[in-house]
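Listed in Swiss-Prot:
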BINDING   7, 9, 73, 192  Zn(2+) 1 binding site
BINDING   15, 40, 194  Zn(2+) 2 binding site
BINDING   73, 101, 131  Zn(2+) 3 binding site
């Protein structure tokens, strides 16, 4: 069990079913020490309004010993790597995930998908690329792993890709984990929970990690401190309320 979950959605993304309060309660049951709420960026049809992300400053940082990060799963929009988290929104979030979603960036060929993903990393704002193993978006796996290491961006192993969505992702996810291992990059684990009961469930990710002998020291979820150190190293401000996690 990893004590950090970096990808989940609330009822603010209306195809999800749990609230922030639900996730806090579930985290306490599962001994999850830190999680990031990452609702969809505003270019998705059922995403929260811009104001939702700007007003996350009202959230407490720590509730009953559980740390809460303010995040977003932004959408990669084009071949230039532009995303729908810009301007003041960049300062409103602690954790910025970005990925491909069909309503915003329809699947293209391997060269175009690879170009867009690497361009997104090169812009310097994104911390994690979400579900890069989606078979609908073929990419040059060694190239994206090398770019992720170069730009200090984590590639995600998404547990939901093995269970509920993006069928056929497993072979790509295994290859991505191995390529990130060889490139010396970071892996991030995300439950991609759309209901609180799935918080912190990484069983499929853990199997892939074991199969490719991925080093634990390159997984962001190993401890709250590792994730917070990474974000600070990437230029995010220190969060004093979470210093003791």
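Positions of Cβ are set from backbone N, Cα and C atoms, glycine also.
Remember, predicted model here, so these are calculated numbers, not experimental data.
Here the features listed in Swiss-Prot are placed on the structure.
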residue: 7; record: Zn(2+) 1 binding site; contacts (Cβ under 8 Å, 6+ apart): 36, 38, 73, 97, 128, 130, 156, 158, 188, 190, 191, 192, 193
residue: 9; record: Zn(2+) 1 binding site; contacts (Cβ under 8 Å, 6+ apart): 15, 16, 37, 38, 39, 40, 73, 192, 193, 194
residue: 101; record: Zn(2+) 3 binding site; contacts (Cβ under 8 Å, 6+ apart): 40, 44, 75
Taking the centre of the Cβ atoms of 73, 101, 131 as the Zn(2+) 3 site, the remaining residues of that chain with Cβ inside 8 Å are 40, 75, 97, 98, 99, 100, 130
Counting other C-beta atoms within 10 angstroms, the emptiest spot among the binding-site residues 73, 192 is 192
Near Zn(2+) 2: residues not in 15, 40, 194 with Cβ within 8 Å of the site Cβ centroid are 9, 13, 14, 16, 39, 46
When the binding-site residues 15, 40, 131, 194 are compared by other Cβ atoms within 10 Å, fewest goes to 15
